[in-house]
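Quick look at what Swiss-Prot annotates:
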- ASP49, ASP53: substrate binding site (BINDING)
- GLN50, ASP53, TYR55, ASP57, ASP63, GLU64: Ca(2+) 1 binding site (BINDING)
- 241-253: compositional bias 'Acidic residues' (COMPBIAS)
- 308-331: compositional bias 'Acidic residues' (COMPBIAS)
- 332-343: compositional bias 'Pro residues' (COMPBIAS)
- CYS39-CYS58: disulfide bond (DISULFID)
- CYS56-CYS70: disulfide bond (DISULFID)
- CYS77-CYS99: disulfide bond (DISULFID)
- CYS97-CYS112: disulfide bond (DISULFID)
- CYS100-CYS116: disulfide bond (DISULFID)
- CYS408-CYS421: disulfide bond (DISULFID)
- CYS464-CYS493: disulfide bond (DISULFID)
- CYS478-CYS505: disulfide bond (DISULFID)
- 209-244: domain 'EF-hand 1' (DOMAIN)
- SER24: phosphoserine (MOD_RES)
- SER89: phosphoserine (MOD_RES)
- SER168: phosphoserine (MOD_RES)
- SER376: phosphoserine (MOD_RES)
- SER383: phosphoserine (MOD_RES)
- SER427: phosphoserine (MOD_RES)
- 226-267: region 'Disordered' (REGION)
- 280-350: region 'Disordered' (REGION)
- 1-14: signal peptide (SIGNAL)
Amino acid sequence: MLLLLLLLLPLCWAVEVKRPRGVSLSNHHFYEESKPFTCLDGTATIPFDQVNDDYCDCKDGSDEPGTAACPNGSFHCTNTGYKPLYILSSRVNDGVCDCCDGTDEYNSGTVCENTCREKGRKEKESLQQLAEVTREGFRLKKILIEEWKTAREEKQSKLLELQAGKKSLEDQVETLRAAKEEAERPEKEAKDQHRKLWEEQQAAAKARREQERAASAFQELDDNMDGMVSLAELQTHPELDTDGDGALSEEEAQALLSGDTQTDTTSFYDRVWAAIRDKYRSEVPPTDIPVPEETEPKEEKPPVLPPTEEEEEEEEEPEEEEEEEEEEEEAPPPLQPPQPPSPTEDEKMPPYDEETQAIIDAAQEARSKFEEVERSLKEMEESIRSLEQEISFDFGPSGEFAYLYSQCYELTTNEYVYRLCPFKLVSQKPKHGGSPTSLGTWGSWAGPDHDKFSAMKYEQGTGCWQGPNRSTTVRLLCGKETVVTSTTEPSRCEYLMELMTPAACPEPPPEAPSDGDHDEL
């Protein structure tokens, strides 16, 4: 197409056909000077001398192509050496040069420079550059197609290899799973036995400590040390009160002793201790760890003056109050609950014996082997899924877009960095830091029916505030390099991105032989 345009540009050698001003070459046969003129819409026929007489006779304005008489008429710019052009007849002789050859201002007094040759030269250079890009891009496109053919064959071979190896790996997994389960059975039994023995030892130790607490409480309650705890001795501990009046009555004490008046050590532990253990408070104060006093900086005090007689009398009076306070401070300490022994190393489960540890090590080795092969199987299955997806993906008529599959491209603007990962996602993030926002994930090819692979659609991006989810259309343009050239937001939350790629280059027409005699515009 581009070369065809280049061939149409050289018009300097074309034969000039006589026709009224403003008439195109394709319409000259309607304007024969020897015949009356019929309006192009067929509504009227007029003498030929009324064509371009600056009076509008035809409704369609076709009788005044070279004047501004008809508001709906059109003037044809020949623009020899460049592209012909139609302009509104109202713009003829308006003092503005609309045609590059200046023919529209033939009677306005405005002098128009003929710029058609220069415009044609620049147009030709631009088209030649575009044609060169198309040729080079298409050359690269053919390479991309061949590379995908080779890569696809390699991936298919790799897929077959993985699918064949998968069965062998699945068999290994099942074999090692059975070996693991076989090794874990004695491991569980050995661990359970070890824990059971330790828990029994802990229970025995706990019972022993409870007996020691009960014995200690019995000794404290047995004030006369006769080997028996009586009702009176039990009543010395009001905290054992059961009716909430703050005192342990004789009836309450007797109820605690199961109706007896006293109890020995054995009965005390079997019957009494369980009822009082949570309320009982020991008379032995706990050993407090001295807290070091904080030393405050000494303040300089003024010198002490000898007291006056009145001050001496005032100082003598508080002495009695101080003595009373000292007596209160000497009151016996409150009863304390018996202190349970702090946890020791004996309460931690001991290490396994050599035989049990050997069983555990064997089970662990079986687990490690199984997990390693199972992990390899999962990685193989993921590779198979990935290869199947890539091989079956629609990468264009000949797979020319396949090379984009594992790539990402960025475009940095004043505010954002846009990132396109073809066939995966589009995102944007603030240029100066911040989390990315999804502008859509791969949806489908979105070009028109006759050019399906000219655009991509990415959908279901991050939702806009009180709006739809973001989406992006990517237009694919022919270029020698792969680069994102622009990103815009023509509609709210709908983005348009342009990607230059050799894969979008069409096949150019054959180059026409150059004509040395007619190379001027």
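Cβ atoms here come from the backbone N, Cα and C positions, even for glycine.
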What three-state class does DSSP give CYS116 (disulfide bond)?
helix
Once GLN50, ASP53, TYR55, ASP57, ASP63, GLU64 are set aside, which residues in the chain still have Cβ within 8 Å of the Cβ centroid of the Ca(2+) 1 site?
ILE46, VAL51, ASN52, ASP54, CYS56, CYS58, ALA69
Counting distance between Cα atoms, which of the binding-site residues ASP49, GLN50, ASP53, TYR55, GLU64 is nearest SER89 (phosphoserine)?
GLU64
For ASP53 (substrate binding site) and CYS77 (disulfide bond), what Cα-Cα distance in Å is obtained after rounding to a whole number?
19
Helix, strand, coil: count each for the residues of the region 'Disordered' (226-267), based on DSSP.
18 helix, 4 strand, 20 coil
In Å, rounded, how far does the Cα of TYR55 (Ca(2+) 1 binding site) sit from the Cα of CYS421 (disulfide bond)?
63
Proximal residue to ASP57 (Ca(2+) 1 binding site) among disulfide-bonded residues CYS77, CYS100, CYS421, CYS464 (C-alpha distance):
CYS77
Closest of the recorded positions to CYS97 (disulfide bond), Cα to Cα, picking from CYS56, CYS70, SER427, CYS493?
CYS70
When the Cα-Cα distance from GLN50 (Ca(2+) 1 binding site) is computed for each of the recorded positions CYS56, SER427, CYS505, which gives the smallest value?
CYS56
What residues, ordered by sequence, lie under 8 A Cβ-to-Cβ from CYS464 (disulfide bond) and sit at least six positions away in the same chain?
ARG470, ARG492, CYS493
Spatial neighbours, same chain, of CYS478 (disulfide bond) - Cβ under 8 Å, 6+ residues apart:
VAL133, THR134, GLY137, MET500, THR501, PRO502, ALA504, CYS505, PRO506
Rounded to a whole angstrom, what is the C-alpha distance between CYS116 (disulfide bond) and GLU64 (Ca(2+) 1 binding site)?
25
Alpha-carbon spacing, CYS77 (disulfide bond) to ASP49 (substrate binding site), which is rounded to whole Å:
22
Need this for a regression test: recorded positions ASP63, CYS70, CYS99, filtered to those with Cα within 10 Å of CYS39 (disulfide bond). What's left?
ASP63
Cα-Cα distance linking SER376 (phosphoserine) and GLU64 (Ca(2+) 1 binding site), given in Å to the nearest integer:
85
